[in-house]
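Have a look at the structure below, then the notes.
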């Protein structure tokens, strides 16, 4: 639709005309708010982000062939036992049913008895995840994120060989992750092996878009800074919207909680990445290029 295209182009041109200093300030304010949210969550709960059963330990009760709303099951268990549980549906080649997650410290036997009352024809299957295993998973996840950042930073510095643009790319990726974690706290999404993987995916996507922008601006020839920025912005906007569309479809049509969580975290991160790449990084690069060319 030509009208929609024109509106989008006009909105993108507003970014091109924005003061570079303001482009830096606004994303930093959002980053600061995200840090405050994470710290507040730590003060209230003792954890920067709520951890799933895989990390904190607990029990997983599986009921094959059950086709009841997870919310109804969780509500009924709460009424019968006073225990808060997480319930999700699953389906696959091996069959379908529900999984009930019980935190370590809660009486799993009470939950099992409540489930037997609700579904007398189904035998609950229980798997216990010990705190030691959860600690190992947590440590491995943290190491994976740290190593990914170190590897990404090395590659970026080797590619550009210029401190300011390289550090901005690294900071943008870090900010994407921090904002995604803050939104996980707001929407109650737990940190698990799946969401750790989603956070790692964000690093790769962030680097792609930032390298596109930085390369276009630093290595432009016949274009002005504004023209190069607008050209890369249109490309980046197309990349982001198509990816967000795919993730939104995944979130809407998925029936598995783990898929919903992955899609949600990626959506949070991609929205943050659009801001950090095309506003924050662009503002830093425009100031850097203006200063560098002013000295030449």
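Glycine is treated like the rest: Cβ placed from N, Cα and C.
Per Swiss-Prot, the feature transmembrane segment maps to 23-43, 144-164, 169-189, 194-214, 236-256, 265-285.
Packing against the transmembrane segment (194-214) from elsewhere in the chain are residues 52, 141, 144-145, 148-149, 152, 155-156, 159-160, 165, 168-169, 172-173, 176-177, 180-181, 184, 229, 232-233, 235-236, 239-240, 243, 258, 261-262, 265-266, 269-270, 273, 276-278, 281-282, 285: each is 6 or more residues past its ends and has a CB under 8 Å from a CB in it. Proximity of distant same-chain residues to the transmembrane segment (23-43), defined by a Cβ-Cβ separation under 8 Å and at least 6 residues beyond the stretch ends, is recorded for 15, 49-50, 175, 178-179, 181-183, 185-186, 272, 275-276, 279-280, 282-284, 286-287.
Beyond the ends of the transmembrane segment (169-189), by six or more residues, the same chain brings 27, 30-31, 33-35, 37-38, 41, 48-50, 145, 149, 152-153, 156, 160, 195, 199, 202-203, 206-207, 210-211, 214, 261, 264-265, 268-269, 272-273, 276-277, 280-281 to within a C-beta distance below 8 angstroms of the stretch.
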